[in-house]
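*Asks:* Mind having a look at this structure? Questions to follow.
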Amino acid sequence: MKLIIGLGNPGTEYDGTRHNIGFAVADALAAHHNASFSKEKGRYLSAKIKLGSESVGIIKPMTYMNHSGHAVVAAMNFYKVARTEIVVICDDLNLPVGTMRLRPKGSAGGQNGLKHIIECFGSNEFARLRIGIGSQNMPKGGFSSFVLGKFSEQEKSEIAIMTVSARDCAIDFALHGLGHAMNHFNTSKL
């Protein structure tokens, strides 16, 4: 079994925000496979799909971004999945809109959801798919309002394409493994 974990904040007020791009990819993956989310023990929503012979859980933590690690650990324990069988999908302020990077490990890079997962694991060795939300237009000192803000009209078309690419990358990870997905989906710009 594999887990595809999209990070974000619960609540309709966060729908469509830069910080919730992980939720958007999880939603796109579930919709692509006609799956729906159900609540699991209050910490996360999950949808289950089958990709070939592989069972896949799509997870959306309901603990808010800064406490994502609690939900990720709960889901991994429930499904009895190792760190090598997960990919975490999140926003990356340092990547331009229209780019994504899949990595086998690394630092949190300022992403508080990843930071909390690393703290809960005691390790940074887990796959993460970072999706660029761009910081070039961020007002000085406006970090929170920027990541919790919505994409511009111009960015929305790039994000729609990127969401589909990220969804397909997650599918590739589940079917063929991390190395294969990295070779096929790491981009400079789509």
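Using the three backbone atoms N, Cα and C, a Cβ is placed for every residue, glycine included.
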*Asks:* Kindly point out which candidate in Asn34, Asn94, Asn112, Asn124 is recorded by Swiss-Prot as part of the tRNA site with Tyr14, Tyr64, Asn66.
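*Replies:* My reading of Swiss-Prot gives Asn112 as the candidate in that site.
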*Asks:* Nearest by CA distance to Tyr64 (tRNA binding site): which of the recorded positions is it, out of Asn9, His19, Asp91?
*Replies:* Asn9
*Asks:* I'm trying to understand the geometry here, so how far is the Cα atom of His19 (active site, proton acceptor) from the Cα atom of Asp91 (site 'Stabilizes the basic form of H active site to accept a proton'), in Å to the nearest whole number?
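*Replies:* Here the two Cα atoms are 6 Å apart.
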*Asks:* Using DSSP and collapsing to three states, where does Asn66 (tRNA binding site) fall: helix, strand or coil?
*Replies:* helix
